[in-house]
Each structure stands twice: as C-alpha cells, then as structure tokens.
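These notes are about the structure you will find just below.
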Amino acid sequence: MNFDGLDPGMGEYPPNLHGTMDAGLEPSMDPHLNPNLLQGVELDPEGLAVTVPEQVHLMEGMFSELHSAVSEVGIPVTATHFDLQEEMLWMGNHRGHVTSFFGPTMGRHSSFQAHATDDVRHIQSLETGVLFLSKCNLKCHTRGGLVMFDFPMDEGADMHSLLMTDNNTLLMGGLQNYAVEVDLNTVQETQKFNVEVPGVAIMRQTSRFFFCGHTSGKITLRDLRSFKTEHEFDAFSGSLSDFDVHGNLLAACGFSSRGMNGLACDRFLMVYDLRMMRAVTPLQVHVDPLFLRFIPTYTSRLAIISQTGQCQFCEPTGLANVADIFHVNTVGQLLMSFDVSSSKQALAFGDSGGCVHLWSDAPEVSFNDYSRETDFALPCLVDTLPQLDWNHDLLPLSLIPMPLTSTEQLLSDWPTALATPSPRRAPPADPEILRTMKTVGFIGYAANPRTRPRNQVPYKIKDVELDYDNYNQVPESPIGRDEEPHLYMVPKKYRKVTIKYSKLGLEDFDFKHYNRTLFAGLEPHIPNAYCNCMIQVLYFLEPIRCLVQNHLCQKEFCLACELGFLFHMLDLSRGDPCQASNFLRAFRTIPEASALGLILADSDEQTGKARLGRLIQSWNRFILTQLHQETQEQEGPQAYRGASSSSLGSSGESAIGKLFGCEVENSSLCRCGKETVRSSLTLLFTMHYPEQNSQEKTIKEYDFAEILKKSICLEQSTQAWCENCEKYQPTVQTRNIRCLPDVLVINCEVNSAKEAEFWKVQAEYAFNKAMQKEANEPAKPKEPPPPMPTECGEDACNMEGFTFDTKAEDLRHVWIPLTLKMSISKSQGLEISSWPEGEELSAAEEEEGAALYDLVVTVSHVLDARTGGNLVAHIKVGETYHQRKEGVTHQQWYLFNDFLIEPIDKFSKHTCVLESAGHPVKCIELPAHVLLFASVKNPIDASVLLTEASLARKQRKSHATFIPLMVSEMPQAGDLVGLDAEFVTLNQEEAELRSDGTKSTIKPSQMSVARITCVRGQGPNEGVPFIDDYISTQEQVVDYLTQYSGIKPGDLDAKISSKHLTTLKSTYLKLRFLIDTGVRFVGHGLQKDFRVINLLVLKDQVIDTVYLFHLPRKRMISLRFLAWYFLDLSIQGETHDSIEDARTALQLYRKFLELSRGGGTDEVRKVLKGLYEKGRQMDWKVPESETGDGQGSPKSAAVFPSVMGL
C-alpha cells in the first residue's frame, strides 16, 4: 500500500516513542497518551494490558468503544485481525511482535515474536493456526505461539497481502511483478502468476473473480483459474488506499495526483457495478478515507475510516450524512490498521501508539456466529518447600537441600565396576543352526531355519506355548500386532491378513513370509475382495479352470472371460500374489449381483459389518448361475472377431450344468389330491437342520449323511396356489433327484449361533462314538521309532517298544465325513452314507450306480471381534496342479487366506472351523471315480490387433494417433515393443498420521488404466505407435491426474471424446496376445503399469529403464531426467504423453545397449555414477528448455526418422 500521501510523520518514529530496549528499563511513555487510558495498567518490558474496572454501557445498534488495550507502547500496530474460529482478536506491530486478546473484555491470551525485524503486514487465521505475513516471509504459528512452518520468499520480494482461495491454498501479492500460490499441506509454491501492473497491494475474492488493487490506482479483475486479467478499473490517478467488494458493488478509496503538490486524499469514493462492469455515481464523504469495508446487516452500508480516527457510515448508492460520523479516541495517534469481525458486530482499530481499540454495536458482542472453545494456558504452579517439623522422629533429612561440596565424595560416585552397564544376554542359538553350520576360519555359515520372524529375538521365552500360537513361520498381520496373541482364540494364520504399505508401496512388503508355496495368493485391498477364497476354489477345480480359459466372447463385462484371464495369471505366477481387480470391476457391473446385495460398500468391508457367512453362500449360488448362463450361449461364445471355436462349451449345453447340475423333480401335492410335478436343474443344495423342540434342552445326535439326505430330498408344507381349488391351499412339496451330480456343492447355512451350536454338539457326538469304537478294538502294534541319540534312563524306556496310532483324537472336531457313498435306487430312492476313507466300491455297487464323493474343499467364516472376521478356504490341491508348479505328483491340503497359503493336515481344517469361533459355510465334494480333464487352448489370436472401430462418436480418421499393424508386421517372439500407460484415480488413498509424524497408508488409492500405448520397436516404422487406446470407464473418476497422465475430463466419455476409445477388455486382449507371442516390452516403471492393467508378465519379457539406469541402494530416476541427460530431449513439459514416453524408453534402451557394447559393465557403472553425481548437483530437476520443445534436439531427430512423418 502506498502511504506517500499520508502524514509525513508516519514514516519516522521518534526515539522517545519507541522507548528503550535496554534490559531492566521500562519503556518510556508517549507524552501524548491519555493518562486515563492507562489506569490500572502495569507497565512491563513484555507489553501492556488495559483493564476496565466497570462495565461499559452501549446503546444498542450504535457503534461505540467497548475496550482498548496496549501491546507495546509507542510501537505502531500494523495489522489487526478477528480470528475466524475463536473469540480472539489478533494484532501485529511494526517490530514483528504479535499479541492476541480474548473476547470482548480483551484479556491477553498469547504474545510472541512472529518475525525478527520486519513488520507484520497481514494476519490470517486458519483451523489449526494463524498465518503472519511480513515483507519477505510467511510464518504459521499455533495460537499458543509454537511455530508450525516458516516459508521464506524469493530475494527481492516485498509482500503486502495474502488471500485464502480455499482451505489449503493461499495467494500472496506485493510490490513485485508476480503473485505466488502456496499449498499449505505441503508448504510448497505451486504456481507463480505474472502481474502486468507491478504492485498487488490488496486482494479480494468473490465467486467470479480475483480483485487486485495496485499501487498505480488501478483495480484488475482476474480469472479464478488462470489469474489472467478479465477487466480493469482505473479508479484513481494517484494511488489506491483500500477497496472492498459486496454483491454486485465494488467501492474504492485512494489518492489523486495534484501535479507538483504530490498526492492528496480523494474524498470521492469510486463505486462500480459488477453486472455492467462500469462506474456509477461517485460517493462523496465527509472524512479523508484511508480504509473502507462493507458491513452488511439490513443494508449494504459502508464504513469509511480516516487516518485521524474519524469513521463514517453511509450507503454506497446514497448520500453521506454528517450525523453518521463518530470518532475513535486515538489520543493524537494515527490509525494504521482496521478490521471487521465475521459477525459484523465488532470493529478493531490499531493506531501508531501501539493501542488497539475495540468498537461494537452491542454490549454482549461475539466476533463469530459460531466459535469453538479457546484453549488457555495452565496457570503456573510454583512448588514451595514443605514446612519441616524438627520434633518428628521419622522426618527424612533429605528434604533439606544441601549445597554440593568438593571435599566429600557423593554416594552416587560408584566404582567403575558397579557403574559399567551390563547388556542383556543373547538367547541361545537354534540347535538346528548349530547342527548344520559349516565353519570357514572363525565364521560359521548355516541356512536360516526360519523358525522366528526376521530381526526379532524373543527374550522373554514362555515355558509353555499354546497350540494356537505356535505358528511362527508367518509373521502376524499388522492388525492386532500390538495386542497379546494369547488373548484371542483365533490362530494367527486364520486371522485377517492385511498389507502394510510404505513409501515404496508394495515393493518392500515380503509376501514370502506368508506364502512359501509356488501357488499364487490374491490381494485383499480391492473392493469386494471377500470372494478371493471362492475364486481359488474355482481355480483348483480342473474342469472349471479349463472351461473359462478356453472361453472368449465379445461381451464387454463377462465374468467367464475375466476368470479365464485371472486363472491365466495364477498359472504363470510362481508364488507371487495376483489381484482380481478386472474380475471384480466386471462383477460390480452385473445388475444381478447388485440386486442380491453382493456388492459391498467400502465402509461395510472396513468396519466388518458385512455378514460374510451369508454373503459368500449367495455369491457361490450367483457365480455358478452366471457361469452357467455365459457358457451356454448359442452365438459361438468362443469366437472373438474371427477366432476359431473350441469344442468345449460350443454347444447349447453348459459345461457348468454337466459338472454341477442335478436334475430335480419337484412335486406339489394339494390336500384335494391334485399333484403337480415340475423338473428343473439345480447347481447346488442347501442344508436344512431339524427343528429343536423348546422343551428339550439337549440336541439329539444326527449323522451328517442323514441331514444331507433330508436336505436334498426336502419335504416341507407351505401355502401354494392350486389350480383345481383355484385358491391358495396348504400343500406338501417334495423334492427328489433323478441323477447324481459330478460335483456336489453344499451351502451349509450356518448363519447363527443356533446352527453353530448344532455343529459343535454333533462333532462331540461323533468324537465320543469314535473313541468308544477305538476302545473296543484291540490296539495294533506299531514299529518302534529309532532310538534318539541321547541318554535315556530306565523310567523313560519302560514302554516295551510299543506305540499306538490314535486316529480318534484327531477327529475331536470333525462332523463332516471325508468320504460319502451316494446311490439312487428305484425302490428306496436316494441313499447316502459315510464311507471309510481309502476303501473302494465293489463291482456290484458300481454296477448299481453307486458313487463315492471325496471332500476336496471347505470354505469357512472365521469370527474375530477385532476385525469383523474373514473367509478362508481349505482346498485339496490335485496332482495336475502340483505337476505344473513343482514337477511332482501328489495331493495335499492347503489353507488359502487371501495371500497367505500354507500346507495343512487334513484334520486341522476341521479343528479351526469349529474351535476357532468359525463355521463352515460351504463345502464341495468331487467324486473320486470321475476324472474330468481338458486341455487349455489359447483362444486369443492375431485378429485382436487388426483395425477396430472407436466407441467415441466424434472420433475421426484425421485424429488418429497410431497406425495398426499390417499382417506382414505381426510381432514374433523376442521383438521389442515400447509400452506406456496412463491412469486415473477412482478412490483416493486412505492414510493415518502416527504420533511420531510419519504417515501410514491404510488403503492405497484405487487406480484405473485410462490410456495404453504400444510403439514398434524395430523395422522401418520403428517408433510408430500401433496401439493408442483410451479406455472407456463406467465408474466414477475422482481425479484425472491431468498433470501426470495428460487425460482430461471428457476424454473417456464416448459421447464427447475425440480419442480412439475402446473397452478395457479389447485392449487387454491385444496385450495378452503380445505377451503370449513372447515379445519383450520396453518402458519406464512397467511394474506398476502391468499391476494396474492386471497383467502378469514374465521377467525375461520386461525391459524396464528404471532398473537399467539404477545403482543399488540409490534412488530411482525419472524418465524426464534420463531423457535430458542421455538423449538431450525435453519431455513431459506440462503433461505426460504416453506415445512420447514409450518412444523415449525405446531410445534409452538403445542408448544402454550402445554403452554396454562400448565398454561393458564397468563402462556402464562409470556412466551411472556420473548420472547420479549430475542429478545431485541439479537436485534431479531438468533445466527449462529455451525452445520449449525437445524435438528440436539433433539427437532426437536422428533416432526415429520415420516418426517425424507421422
């Protein structure tokens, strides 16, 4: 702000006005100060406070002085501000000191030095602190005075004002030719706007414009986004003093040029109508205006304040009245600052004598409409020495402080032997390590037996470990890490597992701790990932796996296709987890899934409110029905744009129906004798339990086969429509099956404590029966174990060499038999009975159609009050899977808990199910005598790379950014393909701030691929893209990440996009074909790209420039810096372009090959050391290009000559 036209005495302050700063001396008093103002004031070096001994009486509706307070006598108050969150008034003075006063009584709250020497020019309150602006510095303090951050300005800055544009962004302007935008979250400068007229002294904002007042007397209206000038008002010929905006009116006051006489205060206020963008009749006032503010109450009145303390109220469109003038008693001082509270009930004036005046129109004034409570400092409690009673015999004399003497030795001066710290002894080494250790010199080497978590040594070793806490191979999930594990009955391996994210995301999370097998787990952080265990179940059923991997159709959201893609990744993985993101994306689009309530909200998954037991049973029924429908379509479901059909599933009959289907006969008998029979196909059965009589306290004993038979051949009475009676009648409905299914699927319906108790009691009955049977049978002698190589006394060796094999003890919690025999006879109907494991049917039974069903899968809901529970699967993995993964043929039970996979015993699954507060919700049984195997033939052929139409209606051929491959250009194994992908955000990251200030990611942001580009890596058209697909999405995008992706709103909308828009499935098939062909992808950061696209690519097919130009234990280098350093290219200027990035990655790979051929590994390492040294010197920032286009570089022009023609 220009003060050239003000009182000349304001620029210089006499020494007696400032007072002396020597320690121990009081500041001198200004002789012009009114002595009555300082009554009851205690002068001290820190500051002054005014106390009002009696209540001030105000006239309602008229502004009058309420209180005054002095911070530092003689130091001008350069800024005042009413706190927007609390009932506080802030003031800053010419020496950078800040003081806050509480409430209308102006009690001192806090006082501290905000800036060392510069004056405080602007104050702005935030939710968490207060901002103080000086000439070249912005500081943020808490309301108690602690520094939150310090933001220095550029050299030569002369800041005068700041403006909060939103909750986390502010704009600063001053007497320089730019304005600065700062992000308060990161305390970083985000943008710098050039100002055509130097000197932004005042800033205001409305919903339409930024208003900037300049020292030249002009007011510019600027765009809210670009800060470009839209309109300009030339208000005053001299300089601008102040202005304000309200509604459609802008009022300004300032100084006019008087030729040789300099500047003079103009008593005409300039008023502008923002609707027509022109001036209206100027408003003449009776005071010399220095400040003005709109104070809208019933009308839009203006408050005009002069330098000498006169204040006048007037309407901006009316005439000023002399009677509306009142005077601020400044005792001869000049007003330096002014502010209005947000409630418009209070005014604050700061004068050049260090005094703050509070005016109000009501005695009970509040600064804000809604203020929060203010925290006050605790009173200082000074401890005093206790009164000593010398007559007390037990009085400790240590209460008397004694001076230290140098002649006598203190008792704390212990000898060195007693003062030496004694470290805790290390626990003994594992005997297995000592047994296998090989010594070379004085160093021993041994394999890690992995009996303990990494970098952890249990010093407090328990004598007795509970069985359910002996799982040391898998470290505990981050959930519940701080609790004592023995307080919970859920074993660690059955608890809900979560991924702990770090700054590197998933790169440093060790999944091998949770899975030491070669089978792939599934990540749980994706929405609706509760079905991971059922996806694993479907994968380990060989006929299902072959069926969906052979299936391919043109339907955009086909669950069978997506399952086939996911199973292909599970096949390729060697123990690394996969994610079912594309499958679950298609799953969320199925209307039937939403109607059945299978799509969970994020809050339900996180809080554990979802009833997973019911949910997974409904999901089981849904997925079988959906796969049955999708694989029985008549339109050649295997054909995809000319692909050849396979024999499996090409007919009208569904392979799902053949495998799981069972023809059911439903009979409905009315009491009138009318019987109706209908036939249908069912894919699974639901368990029905007998009703418990309320008078019976104990549950009867039932056999599992008996309950299963009654559930399959269900008989129940219900009301149904009878055509003979022509009304609803009580009918008896009976269900019978005509044939046995190949795979029997059962939903157990254990949805309440009543059913869970029924299972538990039946398991106890089965255990007691097995123990009695074993007791009646003679014990079978077993070969004695080989003697241990340790000494053995007589008492320990009196077993006479016999041990007994007790199988009944293993069956304590087992009610489900491991094998069932089922048959259908014409005379007796369906017959089900338990069958001894391992025994075969006789020839006669096989001729009668009997079949044995072996238990191969159970899916259980593990209840855990801390996390809401989770779903796990126990799967008996067959020989073919072990043959493909491990090269051996055997069968083994495994536990699948998301990405945790562990081999288990066949009996332990029941133990966890019924003892660990869980219950089985589903089991699958496969007949032992039926072998259903099929070969997998890749249905994706080269036709997917041919030209396809865009989904975008406005897309034209002239806008094409790529040239599709010709038939002669089809890629071969080993060919290079440059790849880059861009993404958008569907869900923001969820994180929490720990007490030590570090950030912990709870759930990462959910990304979706938006653009995929592939460029040719060799041949005459090297560098020319052949895929540049924008991916259409039906999900809500929360952030397009335009600065990093180049994707703009509308690019993914088929109605308005001008890009080549396709479905994710279409582009996915193109990449799958390239992967299956064996091409090698070249790109930068491909690991993340393939992860979001949901593709698994073998390591020998990926050439990532991130790792090519990387030294161990050093930072990763951006593509932009590598391109500038090695290729002299300037890329990624304003936004990223995937075509440019893919080409650059190819050029960098060529450069790497050139370096490798030139000098080998040593030469490459030397070049990389120079790269890192240059990066540190430049802080890894690329210098701005003079031309703004790196394509003008001689290197870039010589690499891909054919690209320039495109």
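Glycine too: its Cβ is placed from the backbone N, Cα and C atoms.
If you look up TrEMBL, you'll see Asp980, Glu982, Asp1089, Asp1141 marked as divalent metal cation binding site. If you look up TrEMBL, you'll see 520-936 marked as domain 'USP'.
Summary of the divalent metal cation site environment: with the site residues Asp980, Glu982, Asp1089, Asp1141 set aside, the chain residues having Cβ atoms within 8 Å of the Cβ mean position are Leu979, Ala981, Arg1011, Ile1012, Thr1013, Gly1083, His1084, Gly1085, His1136, Ser1138, Ala1142.
Counting only same-chain residues six or more apart in sequence, the Cβ atoms lying under 8 angstroms from the Cβ of Asp1141 (divalent metal cation binding site) belong to Asp980, Thr1013, Gly1083, His1084, Leu1119, Ile1131, Gln1132. With the fewest other Cβ atoms inside 10 Å of its Cβ, the least crowded of the binding-site residues Asp980, Asp1089 in this structure is Asp1089. Averaged over the domain 'USP' (520-936), the predicted model has a pLDDT of 76. Taking all protein chains in view, 26 other C-beta atoms sit within 10 angstroms of the C-beta of Glu982 (divalent metal cation binding site).
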